[in-house]
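Some features that Swiss-Prot has for this protein:
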| type | residues | note |
| --- | --- | --- |
| BINDING | D15, H16, G17, K18, T19, T20, N128, K129, V130, D131 | GTP binding site |
| DOMAIN | 3-198 | domain 'tr-type G' |
Amino acid sequence: MIENLRNIAIIAHVDHGKTTLVDKLLQQSGTFDARAETQERVMDSNDLEKERGITILAKNTAIKWNDYRINIVDTPGHADFGGEVERVMSMVDSVLLVVDAFDGPMPQTRFVTKKAFAHGLKPIVVINKVDRPGARPDWVVDQVFDLFVNLDATDEQLDFPIIYASALNGIAGLDHEDMAEDMTPLYQAIVDHVPAPDVDLDGPLQMQISQLDYNNYVGVIGIGRIKRGKVKPNQQVTIIDSEGKTRNAKVGKVLTHLGLERIDSNIAEAGDIIAITGLGELNISDTICDPQNVEALPALSVDEPTVSMFFCVNTSPFCGKEGKFVTSRQILDRLNKELVHNVALRVEETEDADAFRVSGRGELHLSVLIENMRREGFELAVSRPKVIFREIDGRKQEPYENVTLDVEEQHQGSVMQALGERKGDLKNMNPDGKGRVRLDYVIPSRGLIGFRSEFMTMTSGTGLLYSTFSHYDDIRPGEVGQRQNGVLISNGQGKAVAFALFGLQDRGKLFLGHGAEVYEGQIIGIHSRSNDLTVNCLTGKKLTNMRASGTDEAVILVPPIKMSLEQALEFIDDDELVEVTPTSIRIRKRHLTENDRRRANRGQKEE
């Protein structure tokens, strides 16, 4: 029944608990059988999402509550996955904004909420984690209201219902002093405040594909919301792509969501979010319609990429030892496969057959792709992320980001100085009276590349940093965020030995310990000065029959610095690459031998 259908998207900042909230909604509605084993954080389906605690792909689930059926779409919180967010908004009639009762709305919440308002959706606000120490729900409600006013919300959008919840304990209420035993107030609010889909049941079929899934058994699965009409298995349809080309196809199965599973359905009606198989190669934004009434829905717009980097074939001496897929053809095939469902990604071939230029919405967007490829057994070398400049009205412009930092007062000075050097403008400063300060900045994207790891060191790991893309504006002159220190480069291939590493410790910090395999041109540490230094880490202690009268000195090594993929990408300079294999992340110079490096430097100077 169409009157009993509700479509809703969940918006939240990373770590404000939306995925846990969906868990509880599913469990308490009785959608899961009493016998079914329930996983924690059911919505984060791939390993990477579970490890990082972030949602990357938008996902769908459906809940039966009393006689109502509620379709819930989980949206990614990061602006880097803006391409995903854009499409979700076209499928739903309202949004559930989940905000932490202590943190309040964050810049990434702002990004997604802005998109929702642009689509004319009305919000329901859920203040989550009201049981956490230091929770200040009333302050958060004021902050949310201010945010909505800043985003030019209409009067209807500003008249939003507020539900207080503690998703972990599975309780909700209309007042944070007086909570119900379970989530009923939230279900009730969804049913009361979300409009039923406004669609035409009797017209000819029309639906738009807003997500794609793939399954080896049935091939490409298109997911979307039926705009009007009905669809049955084995029905003949016409598909229109974004360029207006049409082709005919026959629907395989029609699947509706229930809980986390997809269930075969004999018929699906307008307003429902369904998955459909058997239509061959589909693309996002394709319209599926009745062959007698071929009309396309407006194409979904996606934000343009702002950061690009080169993916190259791994040319190091250890190439092919750890990974299964190493050739340029395999890398290109994998990137093209990613393009099918990762809409905000761009891949271009370059003059060099072994390098591809990959552009995305931000460092996180690209590093998630690299991490996924690495887990699948790929080996590749990647360059430093670079910002994409645009020419607008004859003027060269660069992307700017809104950054929110939350730091302890003692670190405030050094953080503000560092952001000043990186050409950031302070927009707002808000001390919370308990020793922490929230700073709001607008900063060029290139000023942020490499800043996160420096920021973590500066605040001894206590600082929080969130950023989202803001706008394009004129370029600020001068270089930003150059690395201050040089690096230590290995001069040969073999096993690093403790005796040699011990002698190098005075020169800087090392990336590897005793027994690690190294090759010529690999970066093995950070130099304590600003120049690069080629060093020998392979020489063991010579054995002679002469011994000092005392005992030998004990060789004690400081534990090496282990870098994650993001840290390595932020650390490198333009003449360096990160070598990524399934088991290790190494950093190397683009030119491996010292002679090649000198020649390259000479060439640059002559230019």
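Every residue gets a Cβ built from N, Cα and C, even glycine.
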Predicted model, mean pLDDT over the domain 'tr-type G' (3-198): 75
Once near-sequence residues are set aside, which residues in the chain of G17 (GTP binding site), 6 or more away, have Cβ atoms under 8 Å from its Cβ? V98, D100, N128, K129, A167, L168
I want to verify one value. Collapsing DSSP to three states, which class is T19 (GTP binding site)? helix
My understanding is the cutoff is Cβ-Cβ under 8 Å with a sequence separation of 6 or more in the same chain; which residues meet that for V130 (GTP binding site)? A101, P137, Y164, A165, S166, H176, M179
